[in-house]
Structure formats: C-alpha cells, structure tokens
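So TrEMBL says this about it:
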DOMAIN    B:21-107  domain 'Pyrroline-5-carboxylate reductase catalytic N-terminal'
DOMAIN    B:249-382  domain 'Ferric oxidoreductase'
TRANSMEM  B:204-229  transmembrane segment
TRANSMEM  B:249-271  transmembrane segment
TRANSMEM  B:292-313  transmembrane segment
TRANSMEM  B:348-367  transmembrane segment
TRANSMEM  B:388-407  transmembrane segment
TRANSMEM  B:419-442  transmembrane segment
Amino acid sequence: MNKNSSNMMALAPNTSNKRETVCIFGTGDFGRALGHKMIQCGYPVVYGSRSTQISNLIPKDAEVLSHTEAAQKAAIIIIAIQRQHYNFLTQLEEILHGKVVVDISNNLKLNQYPESNAEYLAQLLPGARVVKAFNTVSAWALQSGALDASRQVFVCGDDMEAKQMVMNIVRALGLTPLDKGSLLAAQEIENYPLQLFPMWKFPVFLSLGLTAFFFFYCLALDVIYPYIYEKNDFSFFIALTIPNRVCPVMALTLLGLVYLPGVLAAIIQLYRGTKYRRFPDWLDKWMLCRKQLGLIALAFASLHAVFTLVSPIRSFVKWRTSKTIISQALNNKTEPLDTTNAWLSDSYLALGILGFFFFVLVGITSLPSVSNSVNWREFRFVQSKLGYVTLILSTAHTLVYGGKWFLSPSAYKWYLPNIYMLSLVVPCVVLVVKFVLIFPCVDKPLTKIRQGWERNPKYSE
Amino acid sequence: MNKNSSNMMALAPNTSNKRETVCIFGTGDFGRALGHKMIQCGYPVVYGSRSTQISNLIPKDAEVLSHTEAAQKAAIIIIAIQRQHYNFLTQLEEILHGKVVVDISNNLKLNQYPESNAEYLAQLLPGARVVKAFNTVSAWALQSGALDASRQVFVCGDDMEAKQMVMNIVRALGLTPLDKGSLLAAQEIENYPLQLFPMWKFPVFLSLGLTAFFFFYCLALDVIYPYIYEKNDFSFFIALTIPNRVCPVMALTLLGLVYLPGVLAAIIQLYRGTKYRRFPDWLDKWMLCRKQLGLIALAFASLHAVFTLVSPIRSFVKWRTSKTIISQALNNKTEPLDTTNAWLSDSYLALGILGFFFFVLVGITSLPSVSNSVNWREFRFVQSKLGYVTLILSTAHTLVYGGKWFLSPSAYKWYLPNIYMLSLVVPCVVLVVKFVLIFPCVDKPLTKIRQGWERNPKYSE
Amino acid sequence: MNKNSSNMMALAPNTSNKRETVCIFGTGDFGRALGHKMIQCGYPVVYGSRSTQISNLIPKDAEVLSHTEAAQKAAIIIIAIQRQHYNFLTQLEEILHGKVVVDISNNLKLNQYPESNAEYLAQLLPGARVVKAFNTVSAWALQSGALDASRQVFVCGDDMEAKQMVMNIVRALGLTPLDKGSLLAAQEIENYPLQLFPMWKFPVFLSLGLTAFFFFYCLALDVIYPYIYEKNDFSFFIALTIPNRVCPVMALTLLGLVYLPGVLAAIIQLYRGTKYRRFPDWLDKWMLCRKQLGLIALAFASLHAVFTLVSPIRSFVKWRTSKTIISQALNNKTEPLDTTNAWLSDSYLALGILGFFFFVLVGITSLPSVSNSVNWREFRFVQSKLGYVTLILSTAHTLVYGGKWFLSPSAYKWYLPNIYMLSLVVPCVVLVVKFVLIFPCVDKPLTKIRQGWERNPKYSE
C-alpha cells in the first residue's frame, strides 16, 4: 500500500524462506552463543572473521567468511566485538552503508566512556542504521536456554524500521523486545546490566548496622546482665528471643525513617517559602530510597510476626507455662480472670495484627505491576494515607505492649532504657511533627507553596 | 533508506547536539515543573508567554519569548494552559502548522466536556499534529524526583511520528511511555487521573456495612447477653474475640457473593434461552466487581487466620487453659484422649488451612502481572475451578467447626442463630444451585446457549 | 507531514465521524460477539455472509450484505470463518487487495496444520495486508464484558500500518494490544490459547506422585504400626499430623530437585570439557521447569508453616500438654529448665523461619513484574545465592529437628528410616557436590568452560 510496508515485505521473509540471513562479526563467546541460538530458531547465520581458520569452535551450520563477504550476504550485521576494536569497521563503511548494524557490547564499569558504545559506533559508521540490543542477555542464558529470568531485551535506535527488524529477531528467539526510543537511550541500556541493586545498597547497609547495634544492646541487657547479677544462663535467647526483640524494633524504626524525610521536606519548604529550590543532597537521596527502607521494614515486621506466632511451640515457653500452672496447682489456688490484663493483651495483639495487615497492603501496592495499574492519586492514597495508618497502629502496638513498664526500675538495667523505648523515638517524632503539619495554619501555606506560590519570589532568581 | 526513516533522522538529534529545543506555552506551575525537569535532562527549553516580565519564577536556563517567537524555535510545543484559554491558539495556527502540539491538560471532573481537551485542541488547530501526554504525572512528582509511583505516561495521537517524538522525550525524562493509540483515547486518558479506585467503591461500602452489622450482632450475643444474664464482663472481647468472629463470617459471605452472580447469570440465560440479551444492570455491575469482592474476602480471611494463630498467646486463653488444667489436677483425674474430638478439631483446622491456601493461590493469580502471563483458559481454570474448591473447603470448614452445635439451644441466645450460621447462607445457596447446574440435563442446554444457540430466535432483535 | 502520517490521518477517523466501518465475514458465534462489542464501542459494523436471511441472530444495528458488497464498505475485514472454508476468499482477491484482513481463527490442537492459519490466509490473498489478532479473546468474555482476565490481545502482521489500525480497534474495545512482530509469530499466537499450564504438567504430576508415596509411607509408620503393635488408634493423624510431615519432606525434596540439575550440568560440562554440546534432553527439560518445581516447593513449605503454627490450637496437642502438666503436678515435682533442649528447640525454629523467609523472597522475585524489573545479574544473585541460602537453612532446620534421633532404634520402625531422613537425601547430595564445585581447582576450569574455552576443540566438530 505504501512504500514503507512494501519495503518491510521485501525485507521480511516469505513463508517459503522463513528467516533472513544474519551476519555476526566476531567469533567470541557471545557471538558464538547468539549464532547457535539463531540457527536453532531457523536463521541462516554467517560469521565475519579476520581468519577463517578457527571455524571448529563455531556452530557447524554457520558459514565463516571475511568481514566484507559476510556483510554482503545479510541486511543485519551484529557486531560481537569489543569497543576497542571498533576502529577497523570504518574500512567497511561502504558495505555497511544502509545496513542494520546491531551493537551488543557491554562495558566493565558504569559510564566507562564519555559516550555509549552504540553512539560511538554510529559516529564511526554514519551511513549505517545502528541499533542497540541484546546487551542485557548473557551468553550462558542463551546457550543453556535457561531464560527463566527477565526475557526483556532493551532495543534502541534512531531508525524505526531497523529497530523493527531487530525486534522481530528478538521475538523469534523467544525474548521480549522493549523499545527504549532513540539511540540516546544506549548509555542507560549499557549501564543497566552492570548494576546490582543500586537503590538497595544504602538501605541494606543501614539496616545491617542498626541490627548489629540493637542485637548487642539486647545481648547485654537480656543475656549478659542476668548472667552476671542473677547467675542465669539465658544464652539460648540468642536463637529466637533476641531476634524477636530486634525485629520489631528495626521494623518500627525503619518505618519511621520512611516518613521522616517527608516531614523534613515540608519543614524545609515552609522555612524557605518556596518549592523551587532543590533539597539538600542527603535528603534527595533519602527520599529516593524510601521504598527500599519500607520493604526492609516490612521484612522485619514479617519475621517479628512469625517469631511471635511460633512462641507457644518453643520448649522454653512450654516449660515456663507448665511451671506457672504447676505452682498454682500445688498452692491449691486458681487465679481469677484479670480483665484489665485481658484488655491490654488483646488490644496490643489486635493493634499489631492490624498494623501488619495495612503494612502488607502497602507492600503489595509497591509491586511493579500493581503500582503501574493505579494512578498517581490512588498511589498517594495508599502509600501516604495507609502508610501513616500503619505507622500509627504500629506505634500504638508498641506503646500498649510497653504499658506502664517504663515507670518501673526493672526496665532500666545498667541505667539503659529497654530496647522497645528506643524504637519509639523516630516514629513518635514523625507523628508529632506530622500532627503539627496538618493544623490549618501550617497546612494552608504548605499547600500554597506546593502549588507553586512563593513567599519571597526573589529567592528563585 | 526510506523517506520515513530519513525524516526521523532529520528531526531526531545527532550526537553533537543531543536534545532538540522544546517550547512550553504557559508559565503556570506544571509548565515550570516540566521545564525544570527537561532542562535537567538536557533539553533547551523556551517558554511562550503573554508577558515576558514574570520571568523570575521560571527556571533560569530557560528563555521566555512571545508565543509566536517561542513556537518558531521548536518542533514540539507543549500547551501548559487551561482548556478555557485554548481559543487564542487559533491566531497561531499558521506557525503551529505541521508542528507537534502536546496537550497535557486535565479536567476537574470526569467527562467535564463533551469531547476531550486534546480533541478540542485538534479541532482548533487542524494543521497541527496533536499528541496527548503527561497529564497523569503530577508537578510535585516531577519537581521532587519522587517518581516511585507509576512511571507510566499515557500517550495518544493520530500522527505516528509525532507520537514517537513525544515518547522519546518521555523516556529521556526517566518515565515509561505507553502508546494508547489514536487521539480517540484522549478522553480515557484525561479521565484516568481523576479516579480514586472507582471499582472498589461499592465492594468497600458493602463490606463496611456488613462488618458493622455483624459486629453489633456479635456484640449483643457475646458481650451484652452474658453481661445481662450471667453478670460476666466480657467487654475485652471487643478487641480480638469479636473481630475474629466477624472476619471469617465476612470472608465466607463475600466469597459466596463472588460466585452468586455467576449462577444467577446462568439461571437468567437458561430462562431466556439466549445469551444475546443484556443482563439487568445491577447484575452487570455486580459481575464487574467480583474481583474486588474476592480480594476483600481474602483480606478478611487473612485477618481471621492471624487472629486464630495468635490465640494461644492471648492472656484470656492462657488463663482459661490453666484453669482447666488446674481443676483437673486438683480433682486428681486425667481425661483420656477423645478421638472424635481430635478428628473434628484436626479436620476443621486442615479444611480451613487448605481453603485459605487455595484462596491465596487465586489471589496471587489476580495480580496484574500474573494474570497477564496466563491465557484465558488458564485464568478461567484458576479463578473458576480453584475458586469453587476454595468455596467448598471454606464452607466445609465452617460446617465442621459448628458441628452439632446448631442442635443445642445455647446456640440461640435471644432466639437468634449464632453468627456462624448466618455466614453459611450465601455459600450454601451458591453451592446447591451450582450443583444443580452441573447436571447434564441442565448443563447441556446452558453450554449450547453460551455457544450462541437460541431457543426462540425471535427474542434476539 | 509525510506520506505515512497523512495516510494515517485519512484512514483514522476525524472527530465528527468517530469510528471507521468494520466488515466481518461470517455470522458465527464469535463474529456476532465481536460485532456486538464493536457496535457498543461506536464502530459501524457490516457483515458479509453467503445468505442474508439469517439476519435475526445478528446485532440489530449491523448491516448484512454479500461478501463482495460488505468488503467494499470497509478498509478492515475480519475473517470470522473456520480455516477449512478459507478457499472461497480467493474469489474476492481483487476486492480484498490492499485491505487489512484480520485472521482471528483458532485451531483445536497444537500445531494442527503445517503453517499457521494467518500465514495460510496470506498465501491465499497475496495482495491483502493480513494481521493476526483477537484469537486469545473468548466470545463469552466479549459478550459478558467479564474481561477481568488478561486483556492482552496479541497482534502480528508484516504491514506496520495495518497492524496499527487493528491495534487501535483493540484499544477502543478496552483491551491491550501486544505487538508480537511479523506474521511469523502467528503460529505461536495460535498455539497460545490452547495451552493449559504446559510448563506445570511435569512438576505437578511429580509432586502428586511423591506426595502419595510419602503419605502412605507415613500412614504405615505413624498410624498402622502403632495400631498393630501398640493398639493405639491414631487414625486422626490423617487430618493434620501426616500432612504436616509430608509437606516439609516434599518442600525440601523439591527444593533439592531445583538445584540438582544445575550441579549435574556443571559435572557434565567439566567431564566433556566444553559448553558447546547440548545437554541430554531430560536435563534440558528438567532445567526448564525449575521455577515451577521451586514454586510448588514454596507452596508445601507454606502449608508446613501454617500446619506447625496451628498446632497449639489442636485438641490432641492441648490434651497431651495438659496430661504432661497434670502428671508433673500429681507427682509434686517441677522439672528444671533444660537449656540444651531450649537451644535445640529455638535454633530449629529460627532456622526454619529464616529458611522460609528467604524462600518467600526468592518466590516474590519470580513474580513476572518483579523479575522483569531486575537485570540478569540481580536475578542470578537472588535465585542462585539466596536460593542456596534457603537450601542450606532448610537442610540445617531438618538436621537440628532430627537431632540425635537417627541413632535411636525407635526411628526405624519396620527397619524403615523415619521420613525426615528421606527428605535429607537430595538436598545433602546437592550441597556436597556444590561444595566440591566451589573449590578453586574445580571452579576455575568450569568458569573457563562457561566463558567458551574448550578442552578438546575437536569435539565441537
């Protein structure tokens, strides 16, 4: 019907000759693995190589020719060569003119070169239609067929049609192409496989540090103190009792740290009277890892829940229970039901369960597929409103759990407060400041500032 | 290679001059936030404004010009103006001819105008290539970089190339463009950010109403009744005991309500003898919120599970247990193991656990990413077959839990049935009707009707 | 601006005449359902039929004409006819020339014909622009509006513009089009709706078989043996005790089977000295269903967790506990705390909880949306490193649980080992072999082989 589609038809295979020939420059590991896979999927593959001697490593159905001959046989040339050897391609510029040249290279470090490898290739070969693809797939995965990980292949390029052709190959290999736009995206695509949970590093190290601190704090007060002063060997507390003290403390503290930057940002904006100045760097970074902090808090909360539920099965707890009952039986007395105690015990459990329930809800909405299916307003509702409900319930759970204990001297071994009191510091600060921020006299100017109003417009230059 | 791609190359940036200039009409909050972000990402930004005086609010690297001058400098013009001021753009029609004009506006209410803002803009500027985009992103999110919510930007437009250019900008800002097709989709895109869980409203209100009813029903029978007639203060039941009675009742009732419309629809189709007449409106709406009802039922079931597991830790339960044991010890007798009781207790727990297990499985498959990776046949298998297994197991769990209790007068305080009996009404009705529907003599005509057969073809007009 | 886009504009509707006419060939069930839905969404629909008599079944707003007349009225023709009747379309070749012809057919069996229906259609009508679409949607779903399942419609075709037009219709019907590339993908798209969890079949049958075996093994040792030799009726163990023995055994065994093929593959590669020879078929298949095996293992582990947590509520456990306490009380003695026991009990529980925690983490990353948002390196880290942590913790949990029991004769009823010992076989084999494989003298050649090195290059032909 139009030039474009007829062109596609000419390049696309007809049913009698299903796949078009693909040329691969370079007979290194990834080049061979990709060639293997393509031959399996029905593509005729021709290798371009300096020497045609090393052909015994190469898939047997593939041809090996010189670079020039190989490039002439195919409309698509895959460059499976390292960036430092790209130079020689300039000799082939004429043959590669108008052809689809696929850059699949990766670097060893983030932002190793000023421009991405694909953009560098496009500069060397101005007449070729350069497409970036396949760099996120490992040779091992291609070879073994163990593609149970992400099947996504990021593709970018300035030529729509060339990109379509490469995306068709990607699909034919059983992978999912993802169009990332023009060749400008190549830098990002090349950095992608080099990352190992970059957003998680700070939250994980913070959690490990805090966990270690709280663990030794507990160890001192719950194991070493009774051993020294009461000659009791509670060393087995290390296995389960102390973890079940550290987990809730970590969960509550981290949850507080999720909401602290939000109230700090509000205070800064109120103070500055504008939203058009950037936050300090540390606050920006903190705000960007709130999701990770929250998920780690959820992990600690889950562990706390299971540790608590498992307690009636513990040998120590069973022993303590039977000791209490036997001593009552031997003294021939039955204690009446203490209603206040029943109230406290039940409400502290109920608050904890509800807090955990809302926490899990917030956690589920942070799954990529769920957060993509809600709009901004709904996401804010869940993450902000339900998040604060979680924080309030968890703080109340801890307060009711502690009860009047903070008044008793036994809570202060070695003049140190019990660990549950430490966990209340951050969330209480957040809740008090947030409570102040929702007063109309504070909320109104803040809302105006967030809508773009400025107290002293001169500040914004 | 062909006209299309060379054209793209001309418009797309070359590597020496990375980003093309973007023009923004309007210096309001969103216009400024978008400009800030674009400058951060390397785009030269030029503002078009009625007056060039208010420039101190504007990002400092941006130019501010008259509308005409600004539009001439860029191939892409973003209209950050409210719809009611679009009229003046007709004066610029000549300059905007052939340019990519991006409508980013939102309305205050769903379907505020007969046509979408973008379509209205396309009518005003017939020569421009109008693209709808960015309306789902908030200015605050752009400004703060806190884009942990959905990064999806819906894009639609009749011109493929213009859409590609806008999608490239979206990607460069670190967001994910989602092509929603032609400009006809603009209405839907404009309505999207105005919704707050529209499908959840009815299920949530229904659940709240039913929960309140069951709560007060329980309160009357379990707290007020013993207080009046037995002078027992069980007020602490409010914290945990009553919630753990209401939750399973709600879970089972809502699960029944998920499968009730299906059997009603089957009955209606059998009665009418055709599938080509629309169901009554209430049934249509009910069927569309089954997923939400099911997920709320799952939430109640989860709460019930945790409430039950937590019971051995409760102060009241501990007191009751020790009272029983002490009285046995004091009476110097040991009860033998009651095997029937052990059978009943274990099977009611096992049924509940299995029912909950299948319920969670069904819940997991309703996650968007999981349901997208199964085909229709697999989804039906899980949601329908496993769903009925869940319903049968949960109903059996409740029946075994009740046991012979419904025969004893103590189950009917104030002549009212115990709450667990109420919960059995809906699921039992569904299961009985479903059981009738799978008889061949009923199933056969139903299958034929669903394949398009009609008893009285005249009805179908 | 260019030919392509102006062309789109001509074909795309303007706002006054919103939708273009669509022609449907065939008045069968799916044709009618699709027509109904399209009319609801504002498309004028015209049916092409051999006879125009049977019109009372057809949606009332649709026109029914002869094939020739109907095809002339629309740019898009949907072929709702079975493949065996496609022949007659060759008569209409002239009228269909250049038109968008949509193949929506499905087959009854996988790979029923040598080529896909859409490719067959493209051969019959070389001048038409054939697009495959809609075959994954059921008529019932379209009719009832109950599209809560996957809304994805796979679309493929060699003509970009034709594909865009069909994708716009898909979007207008409220569905999500997914571009699967050229018409070569039609075979895969046609096979898709015929599958019912193909990857799950083997893992599910394996699990069912193993579960049955372990169930009867337990039944013999825990119910039949005490009944014969001790005259104890423990038949109620069937409800909960035996499932809670089978579940952990299944979980651990299946988890071992997930990591066994990996170490087998390493051994084979070391033996062969190359990675360029295919693994035996059974190993390939085994490796491809590791994810499914792992998820089933996770399901068993979850059931084991809940079964264990529920135990203090069980009537039998309560009876046993009170019997122990009463006998102590009657004997007037209080047992001191056994610290070794407390250590063992707590550490076995803690190991189990941590193992389950990491298992759930690994399970969450296998959700499609999560695994798509991590790169290959991160996925490997979670699935391989955390997976082995899970395996080690679970094996340790089982070893500590067993303790010195394997030394006592009571663990060998009928000379058979207790079931927990059976569960340790596979994971211990995996862990021992893996331990050997990480020695440098073994790891080094393996790494070299996986990077493409070969010991005897002649092997690769």
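Cβ atoms here come from the backbone N, Cα and C positions, even for glycine.
I'd like these features described in context: how deep, what's nearby, how far apart.
Taken as a whole, the domain 'Ferric oxidoreductase' (B:249-382) shows an average pLDDT of 89 in this prediction.
Residues 197, 235, 237-238, 241-242, 245-246, 249-250, 253-254, 292-293, 296, 300, 413-414, 416, 418-419, 422 of the same chain lie 6+ residues outside the transmembrane segment (B:204-229) yet bring a C-beta within less than 8 angstroms of a C-beta in it.
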Please identify the stretch among B:249-271, B:292-313, B:348-367, B:419-442 with the greatest number of Cβ pairs below 8 Å relative to the transmembrane segment (B:388-407).
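Per the Cβ count, the answer is B:348-367.
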Can you name the far-off residues of the same chain, 6+ from the ends of the transmembrane segment (B:348-367), with a Cβ under 8 Å from a Cβ of it?
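Result: 255, 291, 294-295, 297-298, 301-302, 305, 374, 379, 382-383, 386-387, 389-390, 393-394, 396-397, 400-401.
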For the transmembrane segment (B:249-271), give me same-chain residues lying six or more residues beyond its boundaries with a C-beta closer than 8 angstroms to one of its C-beta atoms, as numbers and ranges.
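Long-range Cβ neighbours of the transmembrane segment (B:249-271): 207, 210-211, 214, 279-280, 283, 286-287, 290, 293-294, 296-298, 300-301, 304, 359, 387-388, 390-391, 394-395, 398, 419-420, 422-427, 429-430, 433-434, 437, 442, 445-446, 449-450.
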Count up the helix, strand and coil residues in the domain 'Ferric oxidoreductase' (B:249-382) according to DSSP, in that order.
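Counts, helix then strand then coil: 110 helix, 0 strand, 24 coil.
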For the domain 'Pyrroline-5-carboxylate reductase catalytic N-terminal' (B:21-107), what does DSSP give as the number of helix, strand and coil residues?
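Its residues fall into 35 helix, 19 strand, 33 coil.
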